[in-house]
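Undergrad: Not my notes, these are from Swiss-Prot:
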type	residues	note
COMPBIAS	55-64	compositional bias 'Polar residues'
DOMAIN	286-483	domain 'RdRp catalytic'
REGION	50-82	region 'Disordered'
REGION	249-256	region 'Promoter-binding site'
MOTIF	187-195	motif 'Nuclear localization signal'
MOTIF	203-216	motif 'Nuclear localization signal'
Amino acid sequence: MDVNPTLLFLKVPAQNAISTTFPYTGDPPYSHGTGTGYTMDTVNRTHQYSEKGKWTTNTETGAPQLNPIDGPLPEDNEPSGYAQTDCVLEAMAFLEESHPGIFENSCLETIEVVQQTRVDKLTQGRQTYDWTLNRNQPAATALANTIEVFRSNGLTANESGRLIDFLKDVMESMDKEEIEITTHFQRKRRVRDNMTKKMVTQRTIGKKKQRVNKRSYLIRALTLNTMTKDAERGKLKRRAIATPGMQIRGFVYFVETLARSICEKLEQSGLPVGGNEKKAKLANVVRKMMTNSQDTELSFTITGDNTKWNENQNPRMFLAMITYITKNQPEWFRNILSIAPIMFSNKMARLGKGYMFESKRMKLRTQIPAEMLASIDLKYFNESTRKKIEKIRPLLIDGTASLSPGMMMGMFNMLSTVLGVSILNLGQKKYTKTTYWWDGLQSSDDFALIVNAPNHEGIQAGVDRFYRTCKLVGINMSKKKSYINKTGTFEFTSFFYRYGFVANFSMELPSFGVSGINESADMSIGVTVIKNNMINNDLGPATAQMALQLFIKDYRYTYRCHRGDTQIQTRRSFELKKLWDQTQSKAGLLVSDGGPNLYNIRNLHIPEVCLKWELMDEDYQGRLCNPLNPFVSHKEIESVNNAVVMPAHGPAKSMEYDAVATTHSWIPKRNRSILNTSQRGILEDEQMYQKCCNLFEKFFPSSSYRRPVGISSMVEAMVSRARIDARIDFESGRIKKEEFSEIMKICSTIEELRRQK
């Protein structure tokens, strides 16, 4: 049946139809090839906005650096990064005046966190620049490699397991004249295969030691690797994002902890909360402004957009902010927090893989690595690339570009929010000392500004003053992209406000559908997404019911598990029909085994196995939930799992769903081809690391809450825990005497082996 789309809108208020204009159906665009060009764009753009600053040379690395701080005040509307130190400090002082004790309390909270955080905090997060191998790695591997190198260079403070001690090692590593690292390389040789008698290439992975001098080490420690941001909708051009290395990460974490603690106490901050909590917070600010604008006052709201937020932020400003926020705090604490901005003032951007060249005529392809861009003849490049390279050349050192001004994407979201809020805070009448006043919301680079005044001229004057105040701290409100409306209608972080927040349902569209993890998880995730959208996003009962039917249909086509009594022929239909015929209670079969769907919008919260358990044949129950079933490699299933769902904007969200372990919870095996590459050594390291961590979790399940504290190795901690548990179990009669003595014997053997090592 064809539906005339205009009919859909007859009964819908205009603001609810906003979601249909979003570019959120279909696949998002992904980037291909290298991000080198995008990174050069970022570096060049950042320098352009600060071009009237002062040039200096870093004495350690020889990198040229541009410092725009306290530079000339802009005379036009072009974006610029010339923040004025005294203005930033004053904004901080006024923020503290309006919120007495806010900085002090946040510092105390952060000091506590700093003293307690374990180094394994750094294993969170995805790709991390691994300076030992000069490329990206999973965070856990990159951390393990860093610690291994530190250890072999005599830096062992980190073995206490505290993050702060690891950071001491980082500081000491920067003073060393040289550092020895282990890198992976691969050898290829031609050998004759015994079976086929053909010649084959055999690859072996070697590890080799390499010495790095102080300058090279510093460059690596200060390097941010860059990648292209994928899956970004509604944009024509891609852009680069940065992944910092392990040396920077810990310091950034502490700064962001402090800033997060401050943001939590600021009513104008859209971070760190999200979802419904964020909506409630925002609605409060709007309510305050609307109730205060009595009948005599006008109230307008700007849906704001800042031009090139990251490129105009400056680490030197962040240093000034931190210095102010942490005044009167212990010296060690002030030092540890000031290191992140200092490192960012000296950061280097790695240009990525370089350029690919191909000659159609000679069928040749060759890669020009980023390291060669400094010296290669530019005649091979097209006009625009040539300009980029010419501009960036003076900044290049070893394939990285010196990038002192600017903050790469997503590094100091919380701290930059504090800066934004400090300007919103200046809108109170006691500061504007006139008839207009403002307030608003800030979340990283996104803002909404509410201005109240007795007449239109006052509104205009208020907006102008806000605009100019922002310029003083390096924030550039875009006059082209911001728009003003009567208060009551605006957009902030993709939430649409119209006398209350309107559900922007289209943003959730990408997360509907079959995830492709396995039959068990996919069913659970699918119904949970529908349930969550009924709770949070105005998904009505009729639409939800339809979404559910579409999901089941999609699910059956994905796993070829149509009902046992259907006429549809697939590869699985023969087996499923057989199962259907020999099952007495057909309602008990899971959908993935050709059973009927028993879900409706009232029971979405119940896992399918539980929903059908009473209806199942006994032998089916036995097969389905049998951990000894030889056809299933089981992962241990927690009662709640996390799935990654892709909402339409922002990062992938983690969503909890109920996981019931059945024979359908299989895990696909790793692709074999990786085992023949240079990644193999790394993969083995990673699996070892994983195994150790899993074992450790067994001894100290997160339910026991307290992490082992104190200076002991993982092995020692596990042995002592095993002894304590064994004694308790023995005394309470849960284990026999023989078992108890065997456990004690194993513990002693382990300790003996450690001593011999």
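Placement of Cβ uses the backbone N, Cα and C atoms for every residue, glycine included.
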Undergrad: For the motif 'Nuclear localization signal' (187-195), give me same-chain residues lying six or more residues beyond its boundaries with a C-beta closer than 8 angstroms to one of its C-beta atoms, as numbers and ranges.
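TA: Contacts of the motif 'Nuclear localization signal' (187-195) (Cβ under 8 Å, skipping residues fewer than 6 from its ends): 201-204, 206.
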Undergrad: Using a Cβ-Cβ cut-off of under 8 Å, list the residues of the same chain that are 6+ residues beyond the ends of the region 'Promoter-binding site' (249-256) and lie near it.
TA: 110, 113-114, 117, 119, 121-122, 125, 128, 163, 166-167, 170, 318, 322, 336-337, 339-341, 343, 411-415
Undergrad: How many helix, strand and coil residues does the region 'Promoter-binding site' (249-256) contain under DSSP?
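TA: Going by DSSP assignments, the region 'Promoter-binding site' (249-256) contains 8 helix, 0 strand, 0 coil.
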Undergrad: Work out, from DSSP, the number of helix, strand and coil residues along the compositional bias 'Polar residues' (55-64).
TA: 0 helix, 4 strand, 6 coil
Undergrad: Using DSSP, break the region 'Disordered' (50-82) down into helix, strand and coil residues and give each count.
TA: 0 helix, 8 strand, 25 coil
